[in-house]
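J.: As annotated by TrEMBL, transmembrane segment applies to 21-39, 79-97, 134-156, 168-186, 198-220, 287-312, 324-345, 352-374, 380-400, 420-440, 446-466. Annotated domain 'Major facilitator superfamily (MFS) profile' per TrEMBL: 26-470, in sequence order.
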Amino acid sequence: MQSPPMEPAGKAQMHGGRITPFLLLTCAVAASGGVLFGYDLGISGGVTSMEPFLREFFPAVHEKRSPGGNDYCRFDSQLLTAFTSSLYVAGLFASLCASPVTQALGRRVSMILGGAAFTAGAALGGLARNVYMLILARVLLGVGVGFTNQAVPLYLSEMAPPRHRGAVNNAFDFFIVIGILAANLINYGTQRIRAHWGWRISLSLAIIPATVLAAGSVFLPETPNSILQRSTAPASVQTAAQTLREIRGADDVQDELDDMIAAAKVSKIGSFGSFAALLRPEYRPQLVLVVLIPFFKQMTGITAIAFYSPVIFRTIGLAERSSLLSTAIVSAITVASVLGSMLTVDRLGRRTLFFAGGAAMLASHLVVGTALAAEFGCAYAVLAATCVFVAGFGASWGPLGWLVPSEVVPLEVRSPGQSVVAAVTMLMAAVNGQSLLAMLCRLKFGVFFYFAGWVVAMTVFVAAMVPETKGVPIERMDSIWKQHRIWKRFVIRGDQNRPFF
């Protein structure tokens, strides 16, 4: 079945709209879902470096001292890494289950469910008496993260005006790094509590952002795209038009509404909306990007930094308190770099930021690997290079890893496409979280050269296969594939006879 004809990229700016207070409020509430993911990233790494937490739940790690004062292997515990990665395994399955919910009931419902599950997990984690309660809490947190990571980027991309879509969508990653920074500051404070139960406060405070998301989402409007995807009856069209006028701050939204209606009609045809539909040849470019962009994002090495930077800083000689403070400094730099990305992504474009960030991350990995190879105790050189790394990541792969997949997939397969993004993110986070400490123990400084190789590979991938999407309306994204030297032969819809490659 042929999709509605799309205009060339030259007409990309025809849709109007501006950043209105109503749009800012709704997107800020939705983007706060990123705090859940970020808070967990920061908290899990911090509490696993706290001696009272290790003594109560992981006594073998607490008592372990590596020969010769070398702490590379102290934290190499499969049970400890299972505590961290169990969330991401649960999130993987939850993100796949979220696709039909998001499509049938709307983006808002998935955000409410995600916030509720995360609230329950945070409460259970703070009250945990044994490692099994901890891991069950992590599973509930994973369900929350899976639903929110699937729904929030879709919500933001569909609500944003085309010329501001990069900045609006990047708010999700901005809230992720705000969550990481808040978690690291809280860990630094709770570590000072002499009663040795500070880690319970760290875990329990996740209830606050989760409640904000769940309660706030009740009052959010549904996106016009989602309204029309579920029904194109006159009442639904009227509701979508009214919402579109409110978020665009303009009365004349008919052109954009017509594009949304056409896309919604296509989404109701045949098996569109299913994961099987995403495998059709005409969606090959989108499938490759929704799989490889989150895969490469996790292979930058950011999982290592986010999960285990307190552990890594302790490994190279910093005291517990200094390692947590250093992690907070790194998080503050990440916040600043993501904010910079929000302000420049719609002017400089996605590819420019990908290349600049890749160069910074590559240099950082090489410096850290070389420094650790030369002298084990060079803690401050490692800290400085880590700051360069997170600045490069925060300006590029961090926010763009959510933005680009959410904007390139057409409405008819957008929900399963975003589920694939979230699932790959969770899968690779779990794999890296489960394997990193073992790799650090066995490869030592070689871990950073390993990630440097991946940064080179992903930069080549962007150069060859990721088109520029700056300013292109989300309903007219087909135009970029038709002009791409590699992907243009895959975009003729309905051609079932094309080979996979």
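For all residues, glycine too, the Cβ spot is worked out from N, Cα and C.
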J.: For the transmembrane segment (79-97) against the transmembrane segment (420-440), do we get 3 or more Cβ-Cβ pairs below 8 Å once near-sequence pairs (under 6 apart) are dropped?
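T.: These two stretches do touch.
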J.: Out of 134-156, 168-186, 352-374, 380-400, 420-440, what stretch is closest in contact terms to the transmembrane segment (324-345), meaning most Cβ pairs under 8 angstroms?
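T.: Looking at each of 134-156, 168-186, 352-374, 380-400, 420-440 in turn, the most contacts to the transmembrane segment (324-345) are made by 380-400.
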J.: Which sequence positions outside the transmembrane segment (352-374), separated from its termini by at least 6 residues, show Cβ-Cβ distances below 8 Å to it?
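T.: Residues packing against the transmembrane segment (352-374) from afar: 300-301, 316, 341, 344-345, 381-382, 385-386, 388-389, 391-393, 395-397, 400, 444-449, 451-452, 455-456, 458-459, 462-463, 466.
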J.: Within the domain 'Major facilitator superfamily (MFS) profile' (26-470), what mean pLDDT does the predicted structure show?
T.: 84
J.: In the same chain, which residue numbers or ranges, 6 or more beyond the ends of the transmembrane segment (446-466), come under 8 angstroms Cβ to Cβ?
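T.: Same-chain residues near the transmembrane segment (446-466) but 6 or more away: 288-289, 292-293, 296, 299-301, 304, 350-351, 354-355, 358-359, 361-362, 365-366, 368-369, 372, 397, 404, 436, 439-440, 486-487.
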J.: Near the transmembrane segment (134-156), which same-chain residues lie under 8 Å Cβ to Cβ, leaving out any that are not at least 6 residues past its ends?
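T.: Same-chain contacts beyond the flanks: 27, 30-31, 33-34, 36-37, 40, 57, 82-84, 86-99, 101-102, 107-108, 110-111, 113-122, 124-125, 128, 168-169, 171-172, 203, 206, 210, 213, 223, 402-403, 405-406, 414-415, 418-419, 421-423, 425-426.
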J.: Restricting to the same chain and to residues at least six past its boundaries, which positions have a Cβ under 8 Å from a Cβ of the transmembrane segment (168-186)?
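T.: That would be 19, 23, 27-28, 31-43, 46, 152-153, 156-157, 159-161, 201-202, 205, 209, 306, 324, 327-328, 330-332, 334-335, 338-339, 341-342, 345, 394, 398-403, 406-407.
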